[in-house]
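These notes concern the structure reproduced below.
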Amino acid sequence: MNTSTNYDDAFEDIKRRAFLLYWNELTSEYFLPNTIVLAIYLSIGLAGNIAVILVYQFGLDKKTDGRYFIVPLAWIDTTALIVTAAFNLTRNMKPVIFPGHGACKLLIYLSYVTTCTSLFLLNAIAVQRYLKICKPFGSQMNIVWKRFSVLICTIVSVLLYIPVLFYYGIVETINHSLGNISGHQCNKLPGSPSQLSGLKIFQGFGFFVTISNVVTITVLYICITIAIVKQLNRMKFIKVRRDNVIVTTSDATGQTYAPKIQVNLQSATSDTEISMDTSTRMNETQEHTTKTATKKSTFRISFMFMTISIVAFLAYLPSWTFIVIETNNPAFWKSLPPTAFHICLTLRRMYMINHFCNPFIYGAFDYSFREKIKKMFCKK
């Protein structure tokens, strides 16, 4: 009798597991389009960020002041890309058999921390560029403060998102069409009305911090843009004046001379005085050209980081929007038809674009990086 009961229990357990795996397979197939998108994000992002780290850390002989933050940002983006891809791919491939309560909490927590650290670091970069462009004669961020800012961004993110560990975890879900089979998803934990209110307050605070970062970055780059435009106009005006002075004219005998060169030809006893004064003018011109090129390089790096910040904002915006929607409407995702579901899910996870697009921006703005990449990967 006991043996028969054990067989029945074993059979029911096998049947339950079979139905659970079948349910998981059907759901993972439903998520397949998004899984392919995430795999593309991961492959492109890893290759691009590793190339950035190799080039800026080891490949470039001269690392300018503006390039310091590129390597820390690339490391953070690489970590964020790996963590977020691992989390989202696991949710797609094991949607109802997510492997473990601790893994769920840890992956969600690290996703928030790394993503937020990247945003905070963009804020620190904006401050550094503001001081460099708008306050060139004031206090600047030296190497110690740059390292300290990276550390502060990380610590603040680690502390800010500790509540995530209490609000997310493994949640039981039931499929009534398969005989009330229960599965486990990584999602928001159910709780009392006070707990749900706490979650909304936490998300509201996180949203406020994020918006504050975006507003700060926007204001700083507006100031930077105004300063750059003014300096470019001043440089253009100076160049026009120099060109007007240096331009050669003809005297009454038809001989050309440059009024910029202060040499009295009648009193000169040899070519030495003419040569020395001409050499001085040439050195001044070369020095001016070097300073102009340095300023333009500084401006270009500032525009590069400005573009990175704009792309980051555009990548985060849909995610923030859907977080607000799904918090206030838990049944939102279940009510969507398949096509709309996949479009919305891609937009919900669009923040991952921020972690793999930067190498393309570096390639567009940084000539040295572009040339080094060509040498590394386009050898004949």
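Positions of Cβ are set from backbone N, Cα and C atoms, glycine also.
Per TrEMBL, these features apply:
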DOMAIN    48-362  domain 'G-protein coupled receptors family 1 profile'
TRANSMEM  30-56  transmembrane segment
TRANSMEM  68-87  transmembrane segment
TRANSMEM  107-127  transmembrane segment
TRANSMEM  148-170  transmembrane segment
TRANSMEM  205-229  transmembrane segment
TRANSMEM  301-325  transmembrane segment
Fill in: CB contact flag for the transmembrane segment (205-229) and the transmembrane segment (107-127), at least three pairs under 8 A
yes
Worksheet entry | Averaged pLDDT score, the domain 'G-protein coupled receptors family 1 profile' (48-362) | 78
